[in-house]
Amino acid sequence: MSWKVVLLLVLLATPTGGLEESYLEESCSTVTRGYLSVLRTGWYTNVFTLEVGDVENLTCTDGPSLIRTELELTKNALEELKTVSADQLAKEARIMSPRKARFVLGAIALGVATAAAVTAGVAIAKTIRLEGEVAAIKGALRKTNEAVSTLGNGVRVLATAVNDLKDFISKKLTPAINKNKCDISDLKMAVSFGQYNRRFLNVVRQFSDNAGITPAISLDLMTDAELVRAVSNMPTSSGQINLMLENRAMVRRKGFGILIGVYGSSVVYMVQLPIFGVIDTPCWKVKAAPLCSGKDGSYACLLREDQGWYCQNAGSTVYYPNEEDCEVRSDHVFCDTAAGINVAKESEECNRNISTTKYPCKVSTGRHPISMVALSPLGALVACYDGVSCSIGSNKVGIIRPLGKGCSYISNQDADTVTIDNPVYQLSKVEGEQHTIKGKPVSSNFDPIEFPEDQFNIALDQVFESVEKSKNLIDQSNKILDSTEKGNAGFVMVIVLIVLLMLAAVGVGIFFVVKKRKAAPKFPMEMNGVNNKGFIP
């Protein structure tokens, strides 16, 4: 590969500049701006009839040969595709069933196209299979290799005939076999047969491997020249067409093919090409890492759940929650509108004042800190907490310095790598401006003791409400406890008083008994002779 090709690939994969990344201390997140949108707004259908020719009536009976081997490959591939076509009809019935929507995702191996796109494509394929539709398409191609055909439901499709293999078989191979049988000494004929047969065999293999629905558009399904003609015929502006022509690889990745069926010696399939009808509107990307605040061994942790791509479209903001919904080429972001969610423009407040905004910024909560690295376009967010060692490094000198506990933002201008224990993360070398927006970490607003357990994808204001309710419950519990303690104290005092009174009563009783026992006894006057005349000694 020449240095010019390498340089071209690097330029295509790297934004041309103008990116600006903001690190938000308040929420441990980054917002990267400066991207331009390329949004899919529709699909363009191209129907192909790949003509094989009359191979069924060609036979080789004069022993092994290259021609015989290639001919058997062609016949076997045609039979295999008939089986795939029959299985395809059964699978499409499942895809179109509302109860079997989950089968849609299984219909495409890589999930490049959305489920809705596959379902819509299958609906068109079912229409093309209706009696008369294939005949009408082939009729439109009788005198030309390319024509626009209108289906019975009013859908206009581009029809393309691929006759190279058929023409070779009918005009060169068949006469040669009839004359010399299959033992043709001309090696050039055998090589030519293999070359013309290659596209057909590869188309069969791709539909067979992917059960009738391919996850992308290969050069065999659609040559580059055919793709250029199809894109040029799309009902959109010249600027959008030029952008798609400049990014043909992305058009292929975002498209898919569906097998229509085998009709005699004709293989009919359709290719769905994305129409990127919205271009050059602003897009930005949000990344985040867990933000935790600790107290006495307990933690309150928050993680922004509104991460993903955002693009402006027709005055509204479209949010793409899954990173695979969008792909970056240079400074353009290719996204599928079917995967987007319209959000209010106030959602931008989550990037400015997440603690005070009334917009329901989505977060997840937890009481257990998680250490991780979130790579951003111009750097990395590092969440480093207890039990984990974190550091940044250089490809030339190794470790530069360790990182402290908490959330840190590492610019790709300051380091090449980030390490958490053993895993090493390589930072991108995309150029752009970077700056930090200071702010108090939102997690520090919460007492870890009162912080709720794990909650996923809830509004931040609900977290505040939940904590406030927890505080109120704790306050009420304390009041009840205080009143209970006071009541218990009063009850104890009454019991003590009663016991004291009883003890006092017992003491008084004992006092009088003792006093009575100590008092002198009162006997009658002593009788003697002096005072008792009747006394007889």
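Using N, Cα and C of the backbone, Cβ positions are placed for all residues, glycine too.
Between the listed ranges 9-37, 67-95, 125-153, Swiss-Prot ties the annotation coiled coil to 125-153. Here Swiss-Prot annotates a disulfide bond for Cys292; of Cys283, Cys301, the partner residue is Cys301.
If you take the C-beta of Cys301 (disulfide bond) and look for same-chain residues 6 or more apart in sequence within under 8 angstroms, you find Pro290, Leu291, Cys292, Ser293, Thr365, Gly366, Arg367, His368, Pro369, Ile370, Ser443.
Taking Cys335 (disulfide bond) as the reference point, the disulfide-bonded residues whose C-alpha atoms are within 10 Å of its C-alpha, out of Cys311, Cys350, Cys361, are Cys311. Reported as a whole number, the C-alpha separation between Cys384 (disulfide bond) and Cys350 (disulfide bond) equals 23 Å. Here the C-alpha separation of Cys350 (disulfide bond) and Cys390 (disulfide bond) works out to 28 Å. Take the Cα of Cys311 (disulfide bond) and measure to each of the disulfide-bonded residues Cys326, Cys361, Cys390: the nearest one is Cys326. Model confidence over the coiled coil (125-153) stands at 84, taken as the mean pLDDT rounded to a whole number. Of all the disulfide-bonded residues in the record (Cys283, Cys361, Cys390), the one with the smallest CA separation from Cys326 (disulfide bond) is Cys283.
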